[in-house]
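Some features that TrEMBL has for this protein:
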BINDING   H119, H123, D317  Fe cation binding site
BINDING   L141, V142, S143, G144, G145, D174, G187, N289  substrate binding site
DOMAIN    31-324  domain 'Gcp-like'
Amino acid sequence: MDRPLTILGIESSCDDTAAAILRQPVEGPAEILASVVYGQTDLHAPYGGVVPEIAARAHAEKIDLSIEEALVTSGVTLKEVDAIAVTSGPGLIGGVISGVMCAKGLSASLGVPVIGVNHLAGHALTPRLTDQVAFPYLMLLVSGGHCQFLIAHSAEKFTRLGGTIDDAPGEAFDKTARLLGLPQPGGPAVQAEATKGDPKRFRFPRPLLDRPGCDMSFSGLKTALLRQRDALIAEQGGLTLQDRADLCAGFQAAVVDVLAEKTRRALALYLADAPSEPLLAVAGGVAANTAIRAALETVCAQNNVTFTAPPLALCTDNAAMIAYAGLEKYVAGQIDDMSLAARPRWPLDQTAPALLGSGKKGAKA
Ligand code: KG4
Ligand code: ZN
């Protein structure tokens with residue numbers, strides 16, 4: 001590269017409207033000059049899940065604002081933008097369309113390329129943005145909407161080793177919180193309760209551990225928790241604070257065990273090709289869970305594999321990761337034009353069998 005590149009990133013595939021400005025200097029790592037995220041949690045909270053219609057309207061309302069804020073924060077003007085990277089799938093289609101239309105409009109008026117980015121590629125390439133990680137590495141995406149193991153061979157080539165066949169773990173944490181009267185998002189609340197509880201008092205199922213492979217299932221776990229909760233209520237007329245903490249601890253222990261064992265299996269598949277610098281990166285909101293993180297770190301240490309997790313703000317949905325994935329495509333000459341379409345489904349690994357279920361946050365692949 002003979003001059004610095006400035007990329008505007010736009011993300012609107014789920015319940016966060018985000019814009020970012022990324023600068024790639026001639027030498028050295030890319031720099032995030034601004035990363036703005038407008039979350040929609042409050043808008044969806046009364047409905048117990050993301051409402052696609054509400055999400056689409058909120059994106060349309062906030063998208064200009066987030067771009068403007070990213071420009072002001074970074075001190076970059078639209079004239080300095082070399083390309084516009086936008087999430088063009090997978091996700092809730094109304095939101096994806098908002099982003100793609102906005103990006104195309106800007107591309108046409110500024111005369112710069114538009115680049116359609118796969119949202120999952122954004123997550124999967126984040127360790128390269130934050131830690132300049134070399135290919136191939138193993139990636140675990142674990143959030144409210146995603147749960148899959150990917151080997152990242154290059155910016156375009158990913159092998160999916162397995163994923164959830166129903167709920168994502170974040171969804172399971174959120175549903176557990178709801179069943180126990182804890183606040184949303186459920187993950188941090190359940191984790192806090194779990195630290196006060198006995199993980200051995202209730203033994204919840206470890207779904208799919210009896211089957212080979214890296215696929216996972218988390219929806220049965222919340223049903224088991226619901227049954228246990230109702231049994232306690234029927235027996236005692238209610239739940240004590242200790243019951244609640246013990247239920248959370250038992251639930252979290254089950255998620256930890258499943259993720260740890262499936263990570264062991266995914267690592268075995270990844271290591272079979274003898275990568276020179278073996279590394280597992282984790283991304284997604286659930287990566288904030290200290291018990292899950294500790295278990296993954298242990299599995300990695302046992303296998304002599306480096307463990308890395310990007311800072312949380314870059315683990316959850318954001319536009320800096322979209323700008324970065326767009327930068328990798330731009331450098332490879334992969335730009336789009338006005339025919340760029342919004343895609344509700346877009347598996348990163350086209351050869352892997354389709355994932356079942358789409359969960360509260362839309363398509364997972
Ligand atoms: O990546 P993210 O923003 O997800 C999507 O929007 O898909 O992550 C949000 C999810 C929520 O389901 C939240 O409950 C979960 O990540 N989460 C956690 C923790 N912090 C956030 N789950 C478990 N433990 C945590 N400490
Ligand atoms: Zn995401």
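Cβ atoms here come from the backbone N, Cα and C positions, even for glycine.
Ligand 1 lies under 6 Å from the Cβ of the following binding-site residues, listed in sequence order from H119, H123, L141, V142, G187: G187.
Here H123 (Fe cation binding site) is positioned 12 angstrom away from G145 (substrate binding site), judged by their C-alpha atoms.
Sequence-distant neighbours of G187 (substrate binding site): residues of the same chain at least 6 apart with a C-beta under 8 Å from its C-beta are G170, F173, D174, A177, G285, V286, A288, N289.
With a cut-off of 6 Å between Cβ and the nearest atom of ligand 2, the binding-site residues V142, D174, D317 reduce to D317. Sorted by the number of other CB atoms within 10 A, the binding-site residues D174, D317 start with D174, the lowest. For the recorded site, L141 (substrate binding site), the DSSP three-state label reads strand. Taking CA atoms as the reference points, H123 (Fe cation binding site) and S143 (substrate binding site) are 11 Å apart. Geometry remark: G144 (substrate binding site) versus H119 (Fe cation binding site), CA distance 14 Å. The number of other CB atoms found within 10 A of the CB of L141 (substrate binding site), across every protein chain shown, is 25. In sequence order, E11, S13, C14, T87, L120, G122, S143, H146, N318, M321, I322 are the same-chain residues whose CB sits within 8 A of the CB centroid of H119, H123, D317, the residues recorded for Fe cation being left out.
Nearest by CA distance to D317 (Fe cation binding site), out of the binding-site residues L141, V142, S143, is S143. Every protein chain shown contributes to the tally, and the Cβ of G145 (substrate binding site) ends up with 28 other Cβ atoms within 10 Å. Mapped onto three states, the DSSP output places D174 (substrate binding site) in helix. H123 (Fe cation binding site) carries a helical DSSP state (H, G or I). Proximity of H119 (Fe cation binding site) to non-local residues of its own chain (separation of 6 or more, Cβ distance below 8 Å) is seen for E11, S13, C14, T87, G89, P90, G91, D317, I322, W346, given in sequence order.
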